[in-house]
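Single-structure report; data block below.
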């Protein structure tokens with residue numbers, strides 16, 4: 001191992017079993033957990049985010065859970081700052097930071113840093129929001145494809161927040177978001193190569209998922225049904241009762257919450273809500289797999305295996321991450 005302290009990333013698609021394995025690892029390694037999940041940061045959003053129970057969190061604390069109100073935003077840049085601070089505190093106590101979750105953009109921001117994007121411009125943003133209202137998101141997506149085809153290919157046509165931000169960056173700076181990111185990447189080439197990137201840590205990157213994608217889809221459907229049985233609709237109903245929350249907020253646009261919110265707005269039947277919630281979760285898992293396929297030096301684990309703890313320990317020993 002290099003002179004850098006160790007850190008472990010435990011990544012994977014939703015419903016793959018990341019949290020259970022992470023907790024197992026804390027029982028045999030001197031690790032402390034850091035959540036890497038854009039939904040778990042929000043207080044009061046417990047059922048639909050599959051947040052670990054209060055009992056589990058009391059026994060196995062996770063940093064960066066319940067750190068924001070749903071009315072607040074939380075960016076990848078903010079995550080990077082918070083995660084680096086948490087990792088430094090954990091390392092200073094002689095422990096190993098174990099980062100667990102499936103928000104892949106957060107991992108990438110942590111490793112590579114973030115391109116120095118232009119600040120938000122209220123006037124430009126208002127113009128774009130008015131266009132979205134008058135012309136529809138498809139027109140905004142068409143405009144983005146003209147000036148930044150790579151971002152247009154990456155951003156879903158029905159994702160207003162990211163569409164507007166990408167167009168805002170172009171209109172404010174005269175450069176596409178892709179151009180900004182390429183410059184950032186070029187500047188980072190001198191940094192350490194491999195999974196550690198800019199981080200002052202030697203990183204072991206693990207990913208867990210069922211080898212059979214059909215099994216993952218079954219798990220996703222079962223978990224969404226269980227969420228509904230556990231009171232997910234009432235959870236969203238409580239959020240809707242707040243005058244400061246609306247469907248356009250990042251918190252409410254989280255997978256599952258958006259579909260239940262639309263159901264409570266009368267836009268979907270109960271069956272449609274259930275079906276669309278499951279489909280949206282499957283699409284999230286597909287995007288997570290796409291990120292992971294391009295991740296450097298990742299070691300895969302099969303969710304269906306019964307010995308993932310021993311397999312993980314064997315791998316960590318083989319790469320000397322613990323020495």
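Every residue gets a Cβ built from N, Cα and C, even glycine.
Following the DSSP three-state reduction, the secondary structure of residue 16 (ATP binding site) is coil. Around the Cβ of residue 16 (ATP binding site), 25 further Cβ atoms fall within 10 Å across all displayed protein chains. Per Swiss-Prot, the feature ATP binding site maps to 12, 13, 14, 15, 16, 17, 18, 19.
Of all the Cβ atoms in the protein chains shown, 20 others lie within 10 Å of the Cβ of residue 17 (ATP binding site). Per Swiss-Prot, substrate binding site is recorded for 14, 15, 16, 17, 18, 19.
DSSP states for the region 'Interaction with substrate tRNA' (37-40), grouped as helix (H, G, I), strand (E, B) and coil, give 0 helix, 0 strand, 4 coil. Residues annotated as region 'Interaction with substrate tRNA' in Swiss-Prot, with sequence analysis given as evidence: 37-40 (among others).
Residues or ranges marked as region 'Interaction with substrate tRNA' by Swiss-Prot on the basis of sequence analysis: 161-165 (among others). Within its own chain, the region 'Interaction with substrate tRNA' (161-165) is flanked in space by residues 125, 128-129, 132, 137, 140-141, 144, 155, 177, 248, 250, 253, which lie at least six positions past its ends and keep a Cβ under 8 Å from the stretch.
Counting only same-chain residues six or more apart in sequence, the Cβ atoms lying under 8 angstroms from the Cβ of residue 103 (site 'Interaction with substrate tRNA') belong to 36, 37, 38, 79. According to Swiss-Prot, the feature site 'Interaction with substrate tRNA' maps to 103 (among others), an assignment based on sequence analysis.
Taken residue by residue with DSSP, residue 125 (site 'Interaction with substrate tRNA') is part of a helix. Among the features that Swiss-Prot reports, site 'Interaction with substrate tRNA' is placed at 125 (among others), with the record citing sequence analysis.
In the three-state DSSP classification, residue 103 (site 'Interaction with substrate tRNA') falls within coil. Same-chain residues with CB within 8 A of the center of the 12, 13, 14, 15, 16, 17, 18, 19 CB atoms, the ATP site residues themselves not counted, are 102, 208, 209, 303.
Considering other CB atoms within 10 Å as the measure, the emptiest surroundings among the recorded positions 18, 125 are those of 125. Residues belonging to the region 'Interaction with substrate tRNA' (161-165) score a mean pLDDT of 89 in the model. Shown in sequence order, 12, 13, 20, 102, 208, 303 are the same-chain residues outside 14, 15, 16, 17, 18, 19 whose Cβ sits within 8 Å of the Cβ centre of the substrate site.
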